[in-house]
Amino acid sequence: MHISILLMEQIIELFIMILMGFIIVKAGIVKDEDSKVLSKIVLYLIIPCVIINAFQVDYTSKTVRGLLIAFVASVILQLVLLFIISAMGRLFHMNEVEVASVYYSNSGNLIVPIVTFILGQEWVLYGCAFMSVQLVFLWTHCKKIISRESSYDWRKIVLNINMISIIIGVVLFFTRIHLPQLINDTIGSVGSMIGPASMIVTGMLFAGMDLKKVFANRRVYFVTFLRMLLVPLISLILIKISHMAYLSADAPKIMLIVFLAVITPSASTVTQMCQVYGNDSRYASAINVVTTLCAVVTMPVMVLLYEEFI
């Protein structure tokens with residue numbers, strides 16, 4: 001129950017940040033299209049800093065074991081969910097934005113502040129294992145469907161700054177190299193902006209929408225149901241039957257972090273990619289805002305179910 005209450009407080013805080021982005025547009029200080037610049041800063045600067053900073057922890061056998069559990073669980077969970085959601089997409093005639101919004105959680109923007117707040121900074125690394133796996137899918141599957149490209153450009157994927165950041169982080173961790181304190185502190189400070197920056201982008205985009213059309217669109221609620229209720233319940237069942245939460249003393253908390261990463265609202269990265277590649281960013285933002293609003297209730301409830309059944 002304590003974790004659920006802390007989680008609710010953190011989500012409300014992030015939602016207030018969305019409101020701030022909304023207000024600065026409505027007040028005429030900036031325009032909603034100005035958010036595109038901030039989106040690029042999040043994608044190409046802030047997220048890489050988050051990844052590298054997360055891997056700057058002490059190398060121990062316990063940490064490696066926990067990281068392996070988190071990584072394997074993340075790969076299995078995301079592969080199974082991709083198969084299920086792709087099938088649902090065909091069954092319910094979902095477009096690219098809807099499929100991406102149901103499949104991709106906002107772990108990249110939310111898992112770091114949430115885990116830090118409710119469990120502590122030392123647990124963030126395991127959330128980054130999920131983020132690292134998701135980034136591979138984001139820059140392959142998600143980029144392909146959002147940009148409507150017919151094939152993957154593996155050179156662009158491998159040389160993408162986010163993928164490079166994962167490689168740098170992993171190499172530094174396993175070679176036990178710690179960055180100079182000044183550089184590490186700088187990277188950490190930039191990375192800490194991920195929650196506010198991403199939420200402000202969402203709020204700015206939302207301010208440029210016709211709110212009546214947003215809330216009158218029944219598809220938004222359907223996508224929200226899939227993202228915030230069906231996907232978390234499927235994930236909970238998969239975690240239960242996999243028995244991965246019983247592999248070590250820390251496994252229950254590690255799997256809770258993986259579960260938290262899965263049950264977050266739809267990814268704001270989908271909105272940002274829609275902006276960059278010319279898809280429907282306003283629809284993606286509408287889904288992100290509605291799922292974030294619902295997360296105030298659904299995420300604490302799902303955590304309670306996890307604590308009860310896992």
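From the backbone N, Cα and C atoms, a Cβ is placed for every residue, glycine too.
TrEMBL: automatically predicted annotations, no manual curation.
For 12-31 (among others), the entry in TrEMBL reads transmembrane segment.
Annotation comment: TrEMBL describes 37-55 (among others) as transmembrane segment. Counting same-chain residues at least six beyond the ends of the transmembrane segment (37-55), those with a Cβ under 8 angstroms from any Cβ of the stretch are 108-109, 112, 124-125, 127-128, 131-132, 135, 161-162, 164-166, 168-170, 172-173, 179, 184, 187-188, 190-191, 193-194, 197-198, 200-201, 204, 268-269, 271-273, 275-276.
Taken from TrEMBL, the feature transmembrane segment applies to 67-90 (among others).
Here TrEMBL flags 110-137 (among others) as transmembrane segment. Within the chain, the transmembrane segment (110-137) has long-range Cβ neighbours (under 8 A, six or more residues past its boundaries) at 3, 6-7, 9-11, 14, 47, 50-51, 54-55, 57, 63, 66-67, 69-71, 74-75, 78, 82, 104, 162-163, 166, 169-170, 191, 194-195, 253-254, 257-258, 260-262, 264-265.
The transmembrane segment annotation in TrEMBL covers 157-175 (among others). Residues 43-44, 47-49, 51-52, 54-57, 59, 128, 132, 135-136, 138-140, 143 of the same chain sit 6 or more residues outside the transmembrane segment (157-175) yet have a Cβ under 8 Å from a Cβ within it.
Among the features that TrEMBL reports, transmembrane segment is placed at 187-208 (among others).
The transmembrane segment annotation in TrEMBL covers 220-242 (among others).
Taken from TrEMBL, the feature transmembrane segment applies to 254-274 (among others). Long-range contacts of the transmembrane segment (254-274) within its own chain (CB-CB distance under 8 A, at least 6 residues past either end) are made by residues 3, 7, 39-40, 42-43, 66, 69-70, 73-74, 77, 81, 97, 100-102, 104-111, 114-115, 119, 123, 126-127, 129-131, 134, 138, 142-143, 146-147, 198-199, 201-202, 205, 223, 227-228, 231-232, 235-236, 239, 244-245, 248, 280-281, 283-285, 287-288, 291-292, 294-295, 298-299, 302-303, 306, 310.
Counting same-chain residues at least six beyond the ends of the transmembrane segment (286-306), those with a Cβ under 8 angstroms from any Cβ of the stretch are 1, 3-5, 7-8, 11-12, 14-15, 18, 97-98, 101, 106, 202-203, 206, 209, 214, 217, 220-221, 223-224, 227-229, 232-233, 236, 239, 256, 259-260, 263-268, 270-271. Per TrEMBL, the feature transmembrane segment maps to 286-306 (among others).
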Distant-in-sequence neighbours of the transmembrane segment (187-208), which means Cβ under 8 A and at least six residues beyond its ends: 14-15, 17-26, 30-35, 38-39, 41-42, 45-47, 49-50, 52-53, 106, 108-110, 112-113, 179, 214, 268, 271-272, 281-282, 285-286, 288-289, 292
